[in-house]
Amino acid sequence: MSCPVIELTQQLIRRPSLSPDDAGCQALLIERLQAIGFTVERMDFADTQNFWAWRGQGETLAFAGHTDVVPPGDADRWINPPFEPTIRDGMLFGRGAADMKGSLAAMVVAAERFVAQHPNHTGRLAFLITSDEEASAHNGTVKVVEALMARNERLDYCLVGEPSSIEVVGDVVKNGRRGSLTCNLTIHGVQGHVAYPHLADNPVHRAAPFLNELVAIEWDQSNEFFPATSMQIANIQAGTGSNNVTPGELFVQFNFRFSTELTDEMIKAQVLALLEKHQLRYTVDWWLSGQPFLTARGKLVDAVVNAVEHYNEIKPQLLTTGGTSDGRFIARMGAQVVELGPVNATIHKINECVNAADLQLLARMYQRIMEQLVA
């Protein structure tokens, strides 16, 4: 199959860019963008490679994505080696095919076609690419955004190429994401012999009523754009492994995916009040990995919906479900942010794949979005 989108995707897949190692992917993208007149600024932080590229001036549409991928798992379980792209029955297999090297290829090819047809486009077209999205995300998009904000860089619209679709490309568009707040909680007790509980203070027993009440809380109601806030306990650890020793500490880690109905400070206050109510001795550490954000109907959402309807003849659902993405950092710049990418059914899985025709379709959608906003 000869297609510039597929060929570029295959070239990217062949580079085993396990997060945060870029493995040469960005050099490939930069070469293509510079060839059509983009100015490229490398913005590396620690072990992470990033770049910000732009062409033109004025109202700015940026395409954002990541070159890094998650580990492939057991390579012997793949139908072909995970970093050797293969097409079978119209499906392109390889780690990163859907998340998100296919989107990157579609973006770049769309830009090449757009510039060829609109060499003097009136707005500014930009790219924000990182090699640290799948792992810590500490030195990737967030650092680039901070640097751009420090110099008052303009960003009006941003399309993130995360795999948003469920069954066919464009059936779901993400116009927002929930916030994510993690609590690392240690309940302190006194270690002792199980036969002499009066000489010890078992933190598991002490914390049980607190945890029971915590999981029963209804944090908020859903609203027009977001599902109700959810809380899930992710990890619990206590004890020495011996059956005759009561633990001295209980560690509990739980995560909130919260809507715009709440703030992280409201959640923290409610948890701390509950800890005090149960008279627990505790140490707590919070990690806010992202605030909720929402892009209402406007020029970007309308352009994305128009592109999907034009090429796939379906009306996309606008959803805010799922995990976090780098869109949460970009939204801080005041930009309208939307995610549109391929079908996500196999992301992070053995035999990750994407319909090759979907990537061709995605490139056309991206180009039409460019034409509506910055031509």
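Even glycines carry a Cβ here, placed using N, Cα and C.
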Task: Same Zn(2+) 1 site per Swiss-Prot - residue from GLU7, GLU162, GLU167, GLU213 joining HIS66, ASP99 - done: GLU162
Open item on the list: Check the DSSP secondary structure of HIS66 (Zn(2+) 1 binding site), expressed as helix, strand or coil.
Closed with: strand
Open item on the list: Using Cβ atoms only, which residues of the same chain lie under 8 Å from HIS348 (Zn(2+) 2 binding site) while being at least 6 residues apart in sequence?
Closed with: VAL70, ASP99
TODO: Write out, in the order they occur in the sequence, the residues of the chain not among HIS66, ASP99, GLU162 that have a C-beta within 8 Å of the mean position of the C-beta atoms of the recorded Zn(2+) 1 site.
DONE: GLY65, MET100, SER103, GLU133, GLU134, VAL160, GLY161, PRO163, SER325, GLY341, ILE347
